[in-house]
Amino acid sequence: MELAEKLHLQAPQHYPDANHKPEMAIALTSFQGLCGFRPVEEIVTFLTKVPEFQFLIGDNATTQLKQSLSQNSQAMASALQSCFSHLMKNEKKVVVEQLNLLVKRITQQVAAGNNVEDICGELLLQLHQQYPGDIGCFAIYFLNLLNLKPGEAMFLEANVPHAYLKGDCVECMACSDNTVRAGLTPKFIDVPTLCDMLSYTPSPSKDRLFTPTRSQEDPYLSLYDPPVPDFTVMKIEVPGSVTEYKVLAVDSASILLMVQGTVTASTPTAQAVIPLQRGGVLFIGANESVSLKLTVPEDLLLFRACCLL
């Protein structure tokens with residue numbers, strides 16, 4: 001929160017909000033993203049197997065990271081920050097040269113029928129095709145790669161590096177338009193701020209998955225309730241055999257998003273019924289319930305964002 005306030009004061013044109021920005025992404029389709037720093041052991045392995053990556057990090061920072069494996073978490077975080085900062089602050093020309101060398105090498109290995117999975121070869125080629133010469137292509141060797149199935153989620157605390165690579169998701173976040181970018185984007189990039197602000201706590205990819213809980217009161221509802229007070233997301237799956245479903249009241253205002261199905265919505269205070277279908281959005285006032293009547297006998301999929309006060 002303090003960092004958001006500082007950035008807003010220093011550069012309001014780029015950081016229009018003074019609020020922090022935790023986020024959650026819930027997969028609607030097969031979904032791929034990068035989230036949080038990998039365990040240091042994995043990064044060290046990539047430094048050994050990918051000489052172009054090691055070249056951009058440099059010998060001193062690489063040695064420091066390897067030595068941190070036998071040190072405490074603070075030393076490990078410091079070494080990780082040093083490595084990431086060295087990568088991100090390379091000159092564009094040097095990055096392009098090393099990336100082109102890596103792309104050429106992987107392309108030749110793929111053509112020869114070799115498996116390049118151990119260096120994320122296929123992903124590297126995909127990202128380079130989308131963002132040629134972009135420093136963010138090397139981020140795959142620092143950050144956890146998550147492959148989510150529909151309904152699976154990842155939660156991103158404030159200051160956790162991440163990127164959405166492929167697929168559709170429902171995203172919910174705190175009330176902030178701030179984004180500090182450094183790669184894989186055509187938008188404003190702020191490398192110094194990013195390197196200074198990130199959380200350099202390594203963790204395995206499984207720790208980034210967020211598991212919902214099933215409601216005890218509603219058999220059709222799953223609750224994604226992250227450890228922040230800013231938001232909670234509810235996933236509602238109603239079979240088409242049910243003709244009417246009641247969205248229960250909560251203490252805060254909420255937003256209901258229709259992903260699948262066709263209904264009419266009514267509330268005790270509404271003057272008329274409201275038709276909703278795929279892509280429809282309904283604002284629900286605090287302490288207000290909504291009755292949904294299925295107009296087509298097909299399964300419903302809805303997401304509701306609110307604050308559980």
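Yeah, the Cβs are placed from backbone N, Cα and C, and that goes for glycine too.
Here TrEMBL flags 2-40 as domain 'Phosphomannose isomerase type I catalytic'.
As annotated by TrEMBL, domain 'Phosphomannose isomerase type I helical insertion' applies to 56-143.
Sorting the domain 'Phosphomannose isomerase type I C-terminal' (223-267) by DSSP state (H, G, I as helix; E, B as strand; all else coil) yields 0 helix, 24 strand, 21 coil. For 223-267, the entry in TrEMBL reads domain 'Phosphomannose isomerase type I C-terminal'.
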Secondary structure content of the domain 'Phosphomannose isomerase type I helical insertion' (56-143), with strand meaning DSSP E or B: 68 helix, 1 strand, 19 coil
